[in-house]
Amino acid sequence: MTKYIFVTGGVVSSIGKGITAASLGRLLKNRGLSVTIQKFDPYINVDPGTMSPYQHGEVYVTDDGAETDLDLGHYERFIDINLNKYSNVTTGKVYSEVIKKERRGDYLGGTVQVIPHITNELKDRVFRAARMTNSDIIITEIGGTVGDIESLPFLEAIRQIKSDVGAENVLYIHTTLIPYIKAAGEMKTKPTQHSVKELRSLGIQPNIIVVRTEQPVSQEMKDKIALFCDIKASEVIESRDEETLYNVPLSLQKQKMDDIVLEHLQLEAPQAEMTDWKNLVHRVKNLSKKVRIGLVGKYVSLQDAYLSVAEALRHAGYEHDAEIEIDWIDSEKVTKENVAEIMKDVDGILVPGGFGDRAIEGKIAAIEYARVNKVPYFGICLGMQLATVEFARNVLGLEGAHSAEIEPETKHNIIDLLPEQKNIENMGGTLRLGLYPARIKQGTKAEAAYGTTLVEERHRHRYEFNNEYREQMEEAGMIVSATSPDGRLVEVVELADHPWFVACQYHPEFISRPNRPQSLFKDFVGAALNNK
């Protein structure tokens, strides 16, 4: 029988529900239990694929091509599992499915309502994930904050699941904030009490309360929370700001959170063996070197827009015993005139993925600087496309060369639409998405990084390198070092006469893990260290 854990949040959003859920998942997996995890998002968008990164942070792509919430990245990195489209559920998806069923006549003329039709569809998404994975435990994080109008159907659905499967098979975790009032020198539990009161008014009694705090939580304060929220003091778990996120599972284990969970769910399992994880955290806290990477993008004011890229850089740094210092460089402020001054202190330059024409020339200026000055360069998706545009302009001398996405009327469309994309009208869910194979050319930097000639990586793009320019590029020194297995699509390019200049069409950041860094990131950071 699958057991169900639901993680809710109160007081404020962005409180760390995702990290809590992922960390608990890691502990339970290390106790020998099979775990899957999903995120419920109350927004009406079908997925975050067309949302601005300023609204929602990065869009995380799964193997099967789902465009999902960035929390799925935390889940995959912490638990080391590959999730799928059933791991992210939105109000938009649920309402679309219910309306489709109504139009088909599935409800036999009945009045379609939030209860039971929307709540039943939500419950089915939980039970479907359990059936598909046959996991011992499924953890479901509910996005938003208790009290939000949008969250009410989700909370009602998870309340009903307790009756559907039995109280011994369901556990509720509520994460809240204990603010520190600096002027008074006090921490306040009242917001937590009110948040739990709101949750209980909806029929959900939390079994565990995780309190986010800057300061240590005293036993007296835990006793007070336990008294007013009707749980044991041992079930109040402190979650303080950590030097590294990867210490959170160890902090939860120290407070016996996994023991409490298993006791509630009437499960027996051996203690979690966390030696490898402890070694990872020790390594992260004791890095002996530093390397500075210039990340050039247009969304740098919200670093969550590049969350997986930043994490993949850090993973690579751990492998090299190096702390990664990221210079968040706004590409809108980069010009040919100031690029040398902006880049003077960086050891490597990375241009990540993106869409649209804003701040493109700043990225191209950064790429030219990296190429000319032999600074290690790593381009991802748009960063690969612009590397070929820069090369076409400044090495091949093709004046006005550009991407058809940015300049549809360009004479030299170095980057153009995939043929199968030309008649597509909808933006959402129509990109080339998910895991695809790539064949790597022997004797290249890409092969040296991977140590093999066939890899699989996750993609998210609509435009592709135009093969009409391939021969010219290669003759001038830009090597096509990986393609799709049929040779049709260019996947990786690199420069022959450069210490390390590699750019890929796919998104390698999505498969990086803290204890298993992605190969191109690892070699890029190594090259940046050699450039110090």
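Sequential numbering from 1, following the chain as shown.
Using N, Cα and C of the backbone, Cβ positions are placed for all residues, glycine too.
Annotation note: Cys381 (active site, nucleophile) sits in a coil segment as assigned by DSSP. Note: Cys381 (active site, nucleophile) has non-local neighbours Pro352, Gly353, Gly354, Arg460, His461, Cys504, Gln505, Tyr506, His507, i.e. same-chain residues 6+ apart with C-beta under 8 A of its own C-beta. Annotation source Swiss-Prot lists active site, nucleophile at Cys381, citing sequence analysis.
The 10 Å shell around the Cβ of His507 (active site) contains 24 further Cβ atoms across the protein chains shown. Residues or ranges marked as active site by Swiss-Prot on the basis of sequence analysis: His507 (among others).
Feature annotation from Swiss-Prot assigns active site to Glu509 (among others). In three-state terms derived from DSSP, Glu509 (active site) belongs to a helical segment. Of all Cβ atoms in the protein chains displayed, 28 besides its own lie within 10 Å of the Cβ of Glu509 (active site).
Within the same chain, no residue at least 6 positions away in sequence has its Cβ under 8 Å from that of Ile149 (CTP binding site). Taken from Swiss-Prot, the feature CTP binding site covers Ser13, Asp148, Ile149, Glu150, Lys188, Thr189, Lys190, Pro191, Thr192, Gln193, Lys224, and the record attributes it to sequence analysis.
Residues or ranges marked as UTP binding site by Swiss-Prot: Ser13, Lys188, Thr189, Lys190, Pro191, Thr192, Gln193, Lys224. According to DSSP, Gln193 (UTP binding site) is assigned to a helical segment. Counting only residues at least six positions away in the same chain, the Cβ atoms of Ile225, Phe228, Cys229 sit under 8 Å from the Cβ of Gln193 (UTP binding site).
Feature annotation from Swiss-Prot assigns ATP binding site to Ser14, Ile15, Gly16, Lys17, Gly18, Ile19, Asp71. The Cβ neighbour count for Ser14 (ATP binding site), using a 10 Å radius and every protein chain shown, is 12.
Residue density at Gln385 (L-glutamine binding site): 30 other Cβ atoms are found within 10 A of its Cβ, drawing on all protein chains shown. The L-glutamine binding site annotation in Swiss-Prot covers Tyr54, Gly354, Leu382, Gly383, Met384, Gln385, Glu405, Arg462, and the record cites sequence analysis as its basis.
Neighbour density for Asp71 (ATP binding site): within 10 A of its CB lie 24 other CB atoms from the protein chains shown. Summarising the annotation, Swiss-Prot assigns Mg(2+) binding site to Asp71, Glu141.
The average pLDDT computed over the domain 'Glutamine amidotransferase type-1' (292-532) stands at 94. Taken from Swiss-Prot, the feature domain 'Glutamine amidotransferase type-1' covers 292-532, and the record attributes it to sequence analysis.
Summarising the annotation, Swiss-Prot assigns region 'Amidoligase domain' to 1-267 and lists sequence analysis as the type of evidence.
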Check your understanding: Expressed to the nearest Å, what is the distance separating Lys224 (CTP binding site) and Thr189 (UTP binding site) at their Cα atoms?
Key -> 8
Review point. Thr192 (CTP binding site): which of the binding-site residues Glu141, Leu382, Met384, Glu405 is the nearest Cα neighbour?
Key: Glu141
Practice item. Name the secondary structure element type, per DSSP in three states, that contains Arg462 (L-glutamine binding site). Key: coil
Review point. For Glu141 (Mg(2+) binding site), which residues in the same chain are close in space, meaning a Cβ under 8 Å from its Cβ, but six or more apart along the sequence?
Key: Phe6, Val7, Lys17, Gly18, Ala21, Ile37, Gln38, Lys39, Phe40, Asp71
Revision key, fill the gap. Within 10 angstroms of the C-beta of Ile15 (ATP binding site), the count of other C-beta atoms across all shown chains comes to 19
Practice item. Compare the Cα of Tyr54 (L-glutamine binding site) against each of the binding-site residues Ile15, Ile19, Thr189, Lys190 and report the nearest. Key: Ile15
Point to revise | Chain-internal residues near Ser13 (CTP binding site), provided their CB is under 8 angstroms and they sit 6+ positions away | key: Gly144, Thr145
Study note, to complete from the structure: Simplified DSSP label at Asp71 (ATP binding site) comes out helix
